[in-house]
Amino acid sequence: MRKNPLVLGVSASVETNVGRIAQIIGPVLDVSFPPGNMPNIYNSLIVKGQGTAGQEIQVTCEVQQLLGNHKVRAVAMSATDGLTRGMRVIDTGAPLSVPVGGATLGRIFNVLGEPVDNLGPVDAGITSPIHRPAPAFTELDTKLSIFETGIKVVDLLAPYRRGGKIGLFGGAGVGKTVLIMELINNIAKAHGGVSVFGGVGERTREGNDLYMEMKESGVIDEQKISESKVALVYGQMNEPPGARMRVGLTALTMAEYFRDVNEQDVLLFIDNIFRFVQAGSEVSALLGRMPSAVGYQPTLSTEMGSLQERITSTKKGSITSIQAVYVPADDLTDPAPATTFAHSDATTVLSRGLAAKGIYPAVDPLDSTSTMLQPWIVGEEHYETAQGVKQTLQRYKELQDIIAIPGLDELSEEDRLIVARARKIERFLSQPFFVAEVFTGSPGKYVGLMETIRGFQMILSGELDGLIEQSFYLVGNIDEATAKAINSSMES
């Protein structure tokens, strides 16, 4: 932690070590330095000069390789348009540092920690380097407690751990960003602490939507910006790979300060962690490394581990991280999602099949898992209900082939009852979201854990066998489903 260095983490002793650009290949620069003055790996370099059109240029880069012959190879954090060979490059003598603390709340930053929301400069007295070691084993906290989300399928079948890492896995267009926005809506509002959102390589429109949503809900207070509850850090799809690779670390550094110095419980949302891997793959290729499986960087596990191991709970405070993970071609065995799986305490897997049926959130109840779903953590009642739901859905899945060809009539009475209950459960796992009210036309619903357990117990026990399955679709608690069934029977 450093007090009052210049913006962008440039050390106060500027221009003590100056090099020259020797080669430019897209976002990668080779820089020559005087003998004996080589910058360290991860040092921040600043290119200053005038472009061909006379415009002022200032590009920040990060040292990635020491090449020999007094040259280093660095990756640019912004566009390299207008750079030419021979331009002066200043070694700042330290890694990239970003503003941290209360001054970051309510503001939007880029990877360099510069505000990009047109609300003026950030008055941050303290900056922190984005590269730092993970907390030591002796500092870690191992308390186990559930993080209630108000989303039925999550709370019942794959509950989240307070201070844990949660992965939202899904292919393109199955609802990852909507789910993460609903979690922000449900948790960040109810959660008294602060949140940090890292937009890593996703759509700029979604970043803008989220900002507007937070202003409307009061999570960001424009009138009293210091009373806001969230800091936003964006490195979107149009940014160079260097920015997309490091923006997750910028967001994490801000979250770590709230945990370690302010001793708060922090929520860290990352959308999308796959883009972090993808940017690392692009940078790896540009640096000339031999690709590994499916074209990914050979350092995939190391890069992922260095980010994920910093996201943890210590004796001072906790970081609960919720990360959207894009699954290429819906293949969960792809190295990027497979590597992320290893770090997750809970995995929420989104299914294209359920999305096609119109069941939202399209969370696969059989593929989604959680280390918290143990009777000694969640209690016997919760555990037994969750297992009953999974067994019913698993049996329904096994019977699909028989239903598809000979039909329901070929099933035994017991199996027909299981199918009917499974279809009710499947529909009852859907839920109207607050952030999707404009699409569904239904007001959003927050369902408490005890209400969720009671509803599924009633379906499993057979109390609601007489109700039509459609009455369970897109409702909150079980009382709404029974009221909907009574209304539809009266209308018919």
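Every residue, even glycine, has its Cβ placed from backbone N, Cα and C.
According to Swiss-Prot:
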- G170, G171, A172, G173, V174, G175, K176, T177: ATP binding site (BINDING)
Cβ distance under 8 Å to K176 (ATP binding site), same chain, sequence separation 6 or more: which residues? L168, G170, D271, N272, A324, V325, Y326, L350
For the ATP site given as G170, G171, A172, G173, V174, G175, K176, T177, which other residues of the same chain have their Cβ within 8 Å of the site's Cβ centre? Y326, L350, A355
Can you tell which of the binding-site residues (A172, V174) has the fewest other C-beta atoms within 10 angstroms of its C-beta? A172
One finds that other Cβ atoms within 10 Å of the Cβ of G171 (ATP binding site) number exactly 18
Counting only residues 6+ away in sequence within the same chain, which have a CB under 8 Å from the CB of G173 (ATP binding site)? A355
What number of additional C-beta atoms lies within 10 angstroms of the C-beta atom of T177 (ATP binding site)? 20
With every protein chain in view, how many other Cβ atoms are within 10 Å of the Cβ of G170 (ATP binding site)? 28
All chains considered, the count of other Cβ atoms within 10 Å of the Cβ of G175 (ATP binding site) is 22
